[in-house]
Amino acid sequence: MRKQVEIFTDGSCLGNPGPGGYGAVLRYKQHEKALSAGYRLTTNNRMELMAAIAALETLTTDCDIVLSTDSQYVRQGITSWIHNWKKRSWKTADKKPVKNVDLWKRLDTAIQRHSVRWEWVKGHAGHPENERCDELARAAASAPTLDDTGYQAE
């Protein structure tokens, strides 16, 4: 039987673009693991994506996952938009390159071995795990140590 894992994620950016960070909490039975990292120059959407990617890439076995995010961009992108992006060789409906394609490809790879149910939660609405992820993300953004090598200024 596959492990039942809950994942909560959030991304933060001070400026957008600017210093950013992500926070994620993984829960399996009574075990909890918190993840966070800060980047010197990035965007809020990249950090929302990185939160989900980091959490999923941490798992070493196939799992049944409920992943909660306050990012409609991430939830809609991975459950809906990505199918047509892939059919169109990672182009949008108006034939422009998909933004953050490096992270979308990485997220697509990260979910393949798992069964993932994506849930949206309203941000800054008192959801305890989302608030905790927000705190982790903001703290990481306030003290960034990494370079977001995939970030491309527009």
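Glycine too: its Cβ is placed from the backbone N, Cα and C atoms.
What Swiss-Prot lists as domain 'RNase H type-1' is 1-142.
What Swiss-Prot lists as Mg(2+) 1 binding site is D10, E48, D70, and the listing cites sequence analysis. Residue environment of D70 (Mg(2+) 1 binding site) contains 21 other Cβ atoms, counted within 10 Å of its Cβ in all protein chains. Secondary structure at D70 (Mg(2+) 1 binding site), taken from DSSP and collapsed to helix, strand or coil, is coil.
Among the features that Swiss-Prot reports, Mg(2+) 2 binding site is placed at D10, D134, with the record citing sequence analysis. In the three-state DSSP scheme, D10 (Mg(2+) 1 binding site) is classed as strand.
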Rounded mean pLDDT within the domain 'RNase H type-1' (1-142) lands at 97
Between the C-alpha atoms of E48 (Mg(2+) 1 binding site) and D134 (Mg(2+) 2 binding site), the distance in angstrom, to the nearest integer, is 10
Apart from the site residues D10, E48, D70, the 8 Å Cβ neighbourhood of the Mg(2+) 1 centroid comprises T9, G11, S12, M47, A51, T69, S71, V74, G123, N130, C133, D134, A137
One should report the C-alpha separation between D10 (Mg(2+) 1 binding site) and D134 (Mg(2+) 2 binding site), rounded to whole angstrom, as 6
Top of the binding-site residues D10, E48, D134 by count of other CB atoms within 10 A is D10
